[in-house]
């Protein structure tokens, strides 16, 4: 299985320091949905691992999150793609859960659900915690500049040998050889 695990906010959709709290605020990054569909068509299995502490903070509820994810799946289906699993953590850091990135719980959930070897997986993220979760399970990591990506790169704490792409569409181009329309 060729598995790619995507962070959500900042990789697939626009991120916000004020949280993405509603379906109206959930806006795909241009080219991201088409890129995901192209990755599917090229034989990649796709999953999402996303921290969603806005639930614990009371900014939105699970039903709202489910609506955002249903919309994502609908848009992807319209492009001929699919997501095999979405794993999310509803907790805040103070909860000390095992699922909130940088801990690897979300990635382990995906591996269990999809019967996948994470050492063969690729995680695409925009933050240090995405890389830390990937490193904890031995997965490859790719950084994008969208979302918190530029801030993360400027921080200088990521290893310098990590591949960096402008966005998910550019990364998909590098894997499939076909640019996003």
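Residue numbering: from 1, along the chain as shown.
Keep in mind that glycine also has a Cβ here, set from the backbone N, Cα and C atoms.
When other Cβ atoms within 10 Å of the Cβ of residue 7 (active site, nucleophile) are tallied across all protein chains shown, the result is 28. Under the heading active site, nucleophile, TrEMBL lists 7.
Residue 9 (active site, proton donor) falls within a strand when secondary structure is assigned with DSSP. Residues or ranges marked as active site, proton donor in TrEMBL: 9.
Here residue 9 (active site, proton donor) comes close to 15, 16, 20, 50, 147: these same-chain residues lie at least six apart in sequence, with C-beta atoms under 8 angstroms from its C-beta. Here TrEMBL flags 7, 9, 126 as Mg(2+) binding site.
Residues annotated as Zn(2+) binding site in TrEMBL: 89, 91, 97, 99. Residue 91 (Zn(2+) binding site) falls within neither a helix nor a strand when secondary structure is assigned with DSSP, and so counts as coil.
According to TrEMBL, the feature site 'Stabilizes the phosphoryl group' maps to 50 (among others). Counted within 10 Å of its Cβ, the other Cβ atoms near residue 50 (site 'Stabilizes the phosphoryl group') come to 23, all protein chains included.
If you look up TrEMBL, you'll see 100 marked as site 'Contributes to substrate recognition'. All chains included, 23 other C-beta atoms sit within 10 angstroms of the C-beta of residue 100 (site 'Contributes to substrate recognition'). The DSSP secondary structure for residue 100 (site 'Contributes to substrate recognition') is coil.
The number of other CB atoms found within 10 A of the CB of residue 101 (site 'Stabilizes the phosphoryl group'), across every protein chain shown, is 24. Annotated site 'Stabilizes the phosphoryl group' per TrEMBL: 101 (among others), in sequence order.
Cβ neighbour count for residue 99 (Zn(2+) binding site): 20 (other Cβ atoms within 10 Å of its Cβ, all protein chains included). Secondary structure at residue 126 (Mg(2+) binding site), taken from DSSP and collapsed to helix, strand or coil, is coil. Other residues of the same chain near the Mg(2+) site, with their Cβ within 8 Å of the Cβ centroid of 7, 9, 126, are 8, 10, 11, 12, 15, 50, 125, 127, 130, 144, 146, 147, 148. A simple way to gauge crowding: the CB of residue 89 (Zn(2+) binding site) has 22 other CB atoms within 10 angstroms, across all the protein chains here. In this structure the C-alpha atoms belonging to residue 97 (Zn(2+) binding site) and residue 7 (active site, nucleophile) are separated by 18 Å.
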